[in-house]
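According to TrEMBL, the features are:
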- A:10-152: domain 'Aspartate/homoserine dehydrogenase NAD-binding' (DOMAIN)
- A:Lys128: NADPH binding site (BINDING)
- A:160-338: domain 'Homoserine dehydrogenase catalytic' (DOMAIN)
- A:Glu212: L-homoserine binding site (BINDING)
- A:Lys227: active site, proton donor (ACT_SITE)
Number of protein chains: 2
Amino acid sequence: MTEYKLALVGFGGVNRALAQLIAERNESWKSELGFTLKIVGVTDLFLGSVIRREGLDAGLLASLPAVKGALAQVPGGDGEAFNESVIKHCGADIVVEATFTNPVDGEPATSFCRWALEGGKHVVTTNKGPIALHGAELKELARRNNVAFEYEGSVMSGTPVIRLAKQSLAGSSMVGFEGILNGTSNFVLTRMEGGLGFAEAVSEAQAQGYAEADPTADVEGHDVRLKVVILANELLDAKLTVSDVSCSGISSLSLDDIESARRDGARWKLIGAATRHADGSVSASVGPRLLNNDHPLAGISGATNAVSFTTGLLGAVTVSGPGAGRTETAFALLSDIINLHQSVAHN
Amino acid sequence: MTEYKLALVGFGGVNRALAQLIAERNESWKSELGFTLKIVGVTDLFLGSVIRREGLDAGLLASLPAVKGALAQVPGGDGEAFNESVIKHCGADIVVEATFTNPVDGEPATSFCRWALEGGKHVVTTNKGPIALHGAELKELARRNNVAFEYEGSVMSGTPVIRLAKQSLAGSSMVGFEGILNGTSNFVLTRMEGGLGFAEAVSEAQAQGYAEADPTADVEGHDVRLKVVILANELLDAKLTVSDVSCSGISSLSLDDIESARRDGARWKLIGAATRHADGSVSASVGPRLLNNDHPLAGISGATNAVSFTTGLLGAVTVSGPGAGRTETAFALLSDIINLHQSVAHN
């Protein structure tokens, strides 16, 4: 039985949900997936850090209070976050990076990924920053060190998008995609269709936990733009940077716009899209778009996300599912580990 | 460079479209997919058969007239279909089975698959009959002979369903699925929403090439039932036979039913579904179901197909795309070959 030793970097909701899954399901994964997981290190800027090569109690970790320095309560733990020590020296096979997204330079997550890959450790991450801003460099680093670097959860949490496109749709001649890639803005648009004004709808999204205190990144398209960069580079072999993607949000849409769309049998959606042109160049954009009701993305309501791939051999293929959520995003990390297990087992 | 030698069994629209893809794309597949394909045998009850171990001209095959005995026009060809000789003795690595679906006993396709698997050849097929009726036996035969047996195209043509569920959603704790799995019946329901009566809508489907001369299998749910058996056995570890699946069609729905649904914010859809219960048993059904407009399948219109998977960790994940079409189904065969190439390359 293969056992992978994990270092959890960032211990917010997502890695905590992963610890909970490990506590509940490790035994059943033996037969179902062919491996088990053991947490040997955890580090978090707020909670502190701990290393235990014999393995930490996943259930205990999952139930730690979210208070400053809480990892000091674990035997051998410390209230300080020794990120570099945990990543480099806890004996992990896989570094599970789930810290916050920094849209400016991707730090400190990018350094965490670099340390791990340079040390010959696999990396799985849900973090958009390192992939959108430094994806090519990190993939090359993984290749040189002969380790896996997987990031399904960077787009649409655990809903399969990157692997669906790269594995199941290989050979289909993909030429573009359009997506509803931000649950907050789609929730806001759906509530505006129910008659709420923009500001009221944002307040409701905040009350329900969809939107941050500062909703700018969600409603102005900045979050979607990072995902468009990731998908375009991954699926269309583009070499886009964030500044290559034009970006506008939904804050300029009025109730009149939305009602007038309804009368015309259409809906406004915030769409992130990219297209590969005949000369091989790729153009990409984020902005509100009026979709007729028969468009594959027109029926996607509330916080659900979806991507419609345009392929030469199949036409449009669309996948929809959750775009966020702790357990949903933790599943993305699990699916990354399943995928690396299959590659490693085969090599 | 790996070259796979193919025997094409059944040379109707689907295998003809595959031959056309080979003629157009074999060169580009070298770098894109890491292999090339060579057709070394073709057999078809109507067109005859041909074996040529050095390889047949895929473009010539694709352009053959669809007249009885046409394969006699190919050098070395014969107007008679020597199925067994082609399958057993043409030197193929992969038998590409795309004959008609026989919903009663799956023949002759099941025998074709058996001969190939017993002879140590990989099999890829788009045929529902052998999988729905003899899937467990054929999978075991493939396992014993250490060859691949792939059939993504048996459900929803080339739209990824089986591999999406088994690969990308592995570990997600799938407990059921609901699908719109027949394009003809969904087209008929969509046209009835536009005001056509059932008989008129069926006639229009026939005129547009969606429905057969005898539309019974499509509109009474028999086609969907085979697909439900395939998906339930594959994704939910069921051991269902066709008679385990209750089945009713859409012919009893009236325009009044459809209009009354519309007034209630709902749509009638022909749904094939299966659920795994807490005791491990699986129940499955095919029948018209009233879906609220916010159901993930409610927005699927016309000939498009879709499946919504119910998972423990992600909730509902839905994929939609073409459910039929020659090139679309030929892509399913290509994707099966891509998948077996990756498995073979790794073993």
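Glycine too: its Cβ is placed from the backbone N, Cα and C atoms.
Because TrEMBL annotations are produced automatically, they should be read as predictions rather than curated entries.
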The domain 'Aspartate/homoserine dehydrogenase NAD-binding' (A:10-152): DSSP-derived helix, strand, coil residue counts: 65 helix, 25 strand, 53 coil
Which same-chain residues, if any, lie at least 6 apart from the residue listed as 'active site, proton donor' yet have Cβ under 8 Å of it: A:Lys128, A:Ala132, A:Ser154, A:Val155, A:Met156, A:Gly179, A:Leu181, A:Asn182, A:Gly272
Sparsest-packed among the binding-site residues, when each Cβ's other Cβ atoms within 10 Å are tallied, from A:Lys128, A:Glu212: A:Glu212
DSSP state at A:Glu212 (L-homoserine binding site), helix/strand/coil: coil
Conformational class of A:Lys227 (active site, proton donor) under the three-state DSSP mapping: helix
